[in-house]
Amino acid sequence: MKGITLTAPKRLRGVIEVPGDKSISHRSVLFNAIATGSAHITHFLPGADCLSTVACIRALGVTVEQPAERELIVHGVGLGGLREPADVLDCGNSGTTLRLLAGLLAGHPFFSVLTGDASLRSRPQRRIVVPLRAMGAQIDGRDDGDRAPLAIRGNRLRGGHYELSIASAQVKSALLLAALNAEQPLTLTGRIDSRDHTERMLAAMGLEITVTADQITIQPPSEATAPTALSLRVPGDPSSAAFWWVAAAIHPDAELVTPGVCLNPTRIGAIEVLQAMGADLTVMNERLEGSEPVGDVVVRSSSLRGTTIAGTLIPRLIDEIPVLAVAAACASGETVIRDAQELRAKETDRIATVAAGLSAMGAVVEPTADGMVIVGQPGQLQGTTLNSFHDHRLAMAWAIAAMVARGETTILEPAAAAVSYPEFWQTLAMVQEAA
């Protein structure tokens with residue numbers, strides 16, 4: 001699918017079961033691979049990134065069955081059971097796969113090489129390599145370890161204390177996984193305020209991990225505290241649901257429902273921002289499923305106003321910023337996004353690509369070093385041709401913008417959406433047909 005052309009529909013209606021959460025899907029496979037016993041995982045996200053994790057785990061000697069598209073059975077091999085891979089581990093386009101595996105493999109006594117596609121090989125890895133080396137890991141890579149391929153010669157690691165300088169769940173998780181093969185406890189301080197699925201899942205698997213407001217400490221597992229398999233239903237991904245929340249909020253005649261979405265406090269920044277912008281957004285039927293809070297989110301047509309997105313909000317909605325920028329372009333007044341320099345290290349430089357795309361649609365957008373300023377105006381977007389640059393979040397953000405744009409919007413390389421949302425285009429058609 002080289003390109004898709006969209007026009008704004010008269011109405012949007014539907015109940016949308018969004019795909020399983022991408023972060024939790026990755027972790028359910030990685031963590032259960034080193035657990036004792038077998039785990040049954042349902043509502044797994046069968047997107048390209050998560051399937052890269054499955055392929056790498058299989059290459060490390062773990063049996064992973066897939067009885068249905070969204071269902072896995074992972075037969076754990078225990079903490080010391082991974083075996084040296086016979087070939088290079090290809091992480092595809094998945095930064096989560098590469099970074100979490102780097103942490104996990106750094107403490108295993110064998111040689112491995114992690115690589116990926118051209119986009120992943122261009123993304124910075126020093127953020128994990130430097131702290132892992134401080135724990136005693138032997139990791140080499142291009143540009144002194146800042147670019148994949150990464151060659152890892154695993155060995156016994158040190159624990160101790162490390163202060164995180166950026167709020168990144170991938171960095172935090174890589175270090176916590178490395179600590180499972182460390183000789184002492186590991187304590188993390190600093191920017192620990194990123195999504196906490198790793199901490200929740202490891203605790204649910206029986207590991208001794210203590211989390212406070214300003215630090216995380218994990219103890220090296222003993223026989224008594226070795227991880228045990230954790231079966232789970234993966235909740236809906238709030239980063240995927242956010243596309244529908246914004247679509248409903250900016251469209252003049254819309255009501256969309258996303259049931260069973262993960263409402264982890266570290267992931268609901270987009271809900272808080274949309275509510276601050278005046279969105280008609282209701283959270284219902286809140287409950288706990290496994291180690292994660294979930295609920296149903298209903299959004300109706302709204303009159304949005306500009307807001308500020310910055311500070312501790314950023315790590316709680318970093319993946320939703322492209323579509324929140326679309327919401328800002330359709331709101332009344334100015335929206336300021338700052339402290340989001342992490343966007344420049346994503347699949348594309350999302351500050352540059354989002355600003356350029358919205359500007360091409362007629363929005364007033366000024367990119368900055370760590371974000372952008374958007375002067376919103378309802379009804380200002382004009383259809384045009386936009387490139388996803390193979391970035392899944394861009395492809396879907398442009399589709400949502402097209403729902404309110406005048407004229408036709410053509411999106412190039414729309415198949416990129418399959419990385420995190422394989423059914424996105426079918427669902428988009430459904431909510432227009434149901435109207």
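Glycine is no exception: its Cβ is also placed from the backbone N, Cα and C atoms.
Annotation comment: Swiss-Prot describes Lys22, Gly95, Arg123, Gln170, Arg350, Arg393 as phosphoenolpyruvate binding site. With a cut-off of 8 Å between CB atoms and residues at least 6 apart in sequence, the same chain places Gly95, Arg147, Ala148, Ala345, Lys346 near Arg123 (phosphoenolpyruvate binding site), listed in sequence order.
For Lys22 (phosphoenolpyruvate binding site), the same-chain residues 6+ apart in sequence whose C-beta sits under 8 angstroms from its C-beta are Leu45, Gly47, Asp49, Cys50, Thr96, Asp237, Ser239, Ser240, Ser420. Residues annotated as 3-phosphoshikimate binding site in Swiss-Prot, with sequence analysis given as evidence: Lys22, Ser23, Arg27, Ser168, Gln170, Asp319, Lys346.
As annotated by Swiss-Prot, active site, proton acceptor applies to Asp319, with the evidence given as sequence analysis. The Cβ of Asp319 (3-phosphoshikimate binding site) has 23 neighbouring Cβ atoms from other residues within 10 Å, across all protein chains displayed.
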Ranking the binding-site residues Arg27, Lys346, Arg393 by other Cβ atoms within 10 Å, which is at the bottom?
Lys346
Once near-sequence residues are set aside, which residues in the chain of Ser168 (3-phosphoshikimate binding site), 6 or more away, have Cβ atoms under 8 Å from its Cβ?
Arg127, Arg191, Ser194, Pro315, Glu342
Please give the maximum pairwise Cα distance, in Å and rounded to a whole number, for the phosphoenolpyruvate-binding set Lys22, Gly95, Arg123, Gln170, Arg350, Arg393.
19
